[in-house]
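Heads up: the structure comes next, in structure tokens.
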Amino acid sequence: MSKGPFSVEWLAQSSRGGARELPGSPLLTPPSVPAESPREREAAERPGHGAGSAEAAPGRPRTKFSAAQLRELERSFREQRYIGAGEKRRLAAVLNLSQSQIKTWFQNRRMKFKRQTQDAR
């Protein structure tokens, strides 16, 4: 099998930090510098997400649910831990929240429930 660009051998070698260039193209990374993982590269590029960063991440601020919203969400969670599309639409309309906020709240609440049940054991 050939060792051309994007061959299995070339990809395997490049993922180990070996050959970092395509034939006929300049080096992407100097050989003396270890290649960083895509996650490390992504984290370094996003401000507020680096190690030890104390500043808040830019973007959407954290949602502060009112007591009435939390009561309704908790009531719905007690009835059913996984929310259906119709119930999600209904809660979003009644509580003046987006469907993605409802979905995320349920995901977070299930994880909280899981931690609580594991701690109780």
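For all residues, glycine too, the Cβ spot is worked out from N, Cα and C.
What you see is a predicted model, and the numbers here were worked out from it, not measured in a lab.
DSSP assignment over the DNA-binding region (58-117) gives 43 helix, 0 strand, 17 coil. If you look up TrEMBL, you'll see 58-117 marked as DNA-binding region.
The feature compositional bias 'Basic and acidic residues' is assigned by TrEMBL to 37-48.
Summarising the annotation, TrEMBL assigns domain 'Homeobox' to 56-116.
Look at TrEMBL and you will find 1-65 tagged as region 'Disordered'.
Over the domain 'Homeobox' (56-116), the average per-residue pLDDT in this prediction is 94.
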